[in-house]
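Written below as structure tokens is the structure these notes are about.
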């Protein structure tokens with residue numbers, strides 16, 4: 001093409017320079033000025049890597065002064081182009097714009113514009129873009145979005161609760177599973193779903209101070225959710241940036257004490273427009289009608305301002321009716337306003353629970369029972385269902401299940417309360433206690449005597465705690481460097497035990513970090529035992545490394561030495577040997593220690609080793625836990641109640657272990673109390689609520705469906721392809737592990753989700769669970785989600801040129817592979833992607849206007865193609881530009897029919913699903929007052945907005961690839 005001064009060209013290799021202008025021409029060279037950057041470039045006149053910029057009718061172009069022109073006519077004179085059209089700001093027609101006046105910062109966003117401007121991508125990027133579109137569309141349609149990306153075992157009851165609650169608008173529920181059943185994971189899954197679906201954007205978690213780090217770790221490790229921990233110092237820092245410090249972060253964890261202490265903070269929190277509030281240990285919020293506690297009032301004030309509320313609490317039976325009512329009152333004060341009324345109402349639900357037990361028992365129903373069921377369900381046309389349930393036919397079981405579902409819907413608090421018990425959930429291991437009584441060394445005897453004399457002024461509480469840890473008493477008198485481990489028989493026993501069990505992973509827990517560190521040194525120096533240490537002084541990354549070292553089968557540590565606080569929130573169910581080097585002060589901490597191994601998914605019996613020193617507080621506490629509470633070999637739901645009521649008597653025995661008069665009787669009384677409370681709990685079990693909470697077959701199906709998705713080979717190949725193209729370094733390790741690190745040539749300088757020092761990932765859920773340092777990669781992992789966004793929100797792969805070597809076709813045959821996207825723009829919370837995700841429609845057009853896509857599958861076609869360098873691609877495009885325009889016009893006519901069909905299907909599906917959901921809730925409102933008006937209103941509004949937005953759905957060209965046939 002002849003060059004003329006003033007022509008506009010773009011660089012094929014440096015498109016970031018913008019639009020260039022020809023400013024000098026000589027015999028062999030031309031000079032382009034790029035006004036956007038002020039740079040000049042010298043190019044050879046022949047075969048230079050630049051492309052002439054020419055726009056077509058219907059394009060919109062920008063003048064260097066900023067106004068835009070809709071092109072209607074293109075004229076050319078002396079090698080220079082003039083565009084004629086309508087000015088968009090003034091609507092003036094017949095306006096002429098010479099090409100020299102085009103805006104130099106011009107960027108090409110439409111695929112065809114980029115193609116004609118020579119901004120042509122590599123072929124593999126086009127393929128990645130199409131796959132990204134295809135897989136993203138498929139993932140949006142799956143019903144369990146937000147559930148499968150978690151780094152946790154697929155446990156049916158947890159998945160069921162999370163699915164049920166996570167799908168709701170502003171859920172307000174009580175999660176009251178027994179200890180060890182995973183309330184934190186359920187809450188995390190609900191948060192994850194709400195965030196992914198756009199139902200929530202700002203989340204506040206309020207927990208006791210001791211659990212802050214546990215929640216921080218759980219949210220990050222299991223759900224890849226980065227919360228900010230707000231304490232006094234963080235609050236002061238944020239105050240410098242904003243009048244309301246809580247507006248500076250989207251997801252915040254803080255302690256209840258942090259909020260309670262300062263009225264201004266509470267008001268700022270309440271004003272910070274949160275979408276979801278999560279409160280752990282909610283059973284500690286004391287309430288009475290006359291005098292609610294300050295803590296209760298704090299949460300009440302927050303719950304009034306925040307639409308969604310999750311309360312995590314002990315089981316209702318443990319709390320008592322009044323305390324249980326107080327939690328429900330936080331969720332819905334209009335519904336639960338009168339305690340007496342609540343008690344009467346609860347009694348009315350007893351027959352419903354009995355009816356469910358009857359139906360599930362499979363026994364024949366008497367006429368009285370049939371009448372009772374008819375009255376309870378109170379539906380027209382219920383007779384055939386009752387008849388089928390009482391028959392011997394094949395339909396009997398299905399009819400009974402349907403009746404149970406109807407009863408569940410009418411159950412008083414089943415929509416706001418979820419509670420599973422260990423009796424209702426199978427899969428827990430047995431626990432076996434081994435008590436190892438050891439002699440009390442004379443050094444400790446002396447230290448304890450002296451401590452008794454010198455510590456006489458200490459409180460009973462402080463003396464009791466001292467007596468449990470004699471090594472600390474000894475160090476108080478002998479100095480911090482006193483070598484207590486040289487004579488403490490527990491150390492000798494531990495060494496021998498570990499040597500005898502070299503093949504076993506052993507978790508050792510002690511109260512203090514210092515004890516753990518000293519034990520590690522002894523194990524290493526005396527028996528060369530490999531041990532990892534885990535305590536509160538370590539950073540999150542250091543704890544991950546220690547846990548990974550312990551988890552590794554090949555060259556890992558045999559022992560993990562944990563302090564009390566350091567072990568919070570970590571689970572090691574691949575080990576089954578637990579050594580308690582000392583004992584914690586209360587039953588909750590004891591259960592927490594055992595809970596590190598006693599989880600669903602533990603496949604072996606848990607061996608609990610308790611070496612203790614005779615004639616000490618340790619010996620008394622072992623007896624009280626085992627004989628009084630049965631807390632070692634079984635979970636102890638009564639522990640906190642009995643601990644609180646017998647606290648004074650217990651600490652007086654612990655503070656003076658030599659005075660044991662009445663101890664046997666005290667332990668016997670505690671055991672009787674324990675058995676009595678346990679019986680009450682068992683009798684008070686609400687089997688209907690348990691059925692509703694564990695989800696039955698629905699939970700099983702969810703777990704199975706997600707497990708099948710876990711082995712998705714498409715994810716692995718797509719992810720590796722994505723890492724290659726983004727420029728992320730990959731290093732294979734053993735055991736299905738890959739180490740990802742940033743490179744110097746990535747598509748973006750900082751890839752979101754990839755730490756600067758890299759991370760270890762695996763596509764295997766079990767592997768991720770056994771390796772603390774390995775992240776579990778699924779379609780929901782931030783690296784994959786951010787990778788999809790990076791590719792699809794930008795121009796990567798939006799145009800390409802390839803060669804097809806095929807002697808069956810004439811040389812020069814031209815094909816245009818077009819990828820259109822059918823989509824609707826709408827606020828994220830409407831979740832339009834359930835019905836119409838951005839859906840790719842692929843077309844393969846020939847010169848005759850025929851679409852060959854149905855006959856030529858993408859992957860097999862892609863494998864036959866060869867890449868072309870950018871410069872050659874530009875020349876090819878210029879040669880066939882007019883033909884491509886014709887093909888695009890032909891494709892537009894064809895894609896409209898396909899797009900409209902997709903949109904109509906989405907509208908029908910949305911209307912059916914949302915109308916059914918709405919009708920069900922409205923019908924249930926008549927028989928179950930726990931269905932909130934605002935929930936129905938939100939669903940009604942949601943349905944209206946979804947259908948409106950689907951009506952406005954459209955389609956656009958997302959990517960184009962020209963394919964030219966060659967025989968070489």
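Note that Cβ sites are derived from N, Cα and C of the backbone, with glycine treated the same way.
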Message: Under Swiss-Prot, the annotation motif 'DEAH box' belongs to which of these stretches: 272-275, 276-279, 280-283, 284-287?
response: 280-283
Message: I'd like the number of other C-beta atoms within 10 A of the C-beta of residue 182 (ATP binding site), please.
response: 24
List of residues, in chain order, with Cβ under 8 A from that of residue 183 (ATP binding site) and at least 6 apart: 175, 176, 177, 280, 312
- prompt: Across the domain 'Helicase ATP-binding' (164-334), what does the pLDDT come to on average, as a whole number?
  reply: 89
Message: Helix, strand or coil by DSSP: which one applies to residue 182 (ATP binding site)?
response: coil
- line: For the binding-site residues listed (179, 181), most other Cβ atoms within 10 Å of the Cβ sits at 181
Task: Using all protein chains in view, find how many other C-beta atoms are within 10 Å of the C-beta of residue 184 (ATP binding site).
output: 21
Field: Local Cβ density at residue 177 (ATP binding site) - other Cβ atoms counted within 10 Å
entry: 27
Field: Additional residues surrounding ATP, by Cβ distance to the 177, 178, 179, 180, 181, 182, 183, 184 centre under 8 Å
entry: 186, 420
- prompt: Counting every protein chain present, what is the number of Cβ atoms, excluding its own, within 10 Å of the Cβ of residue 180 (ATP binding site)?
  reply: 19
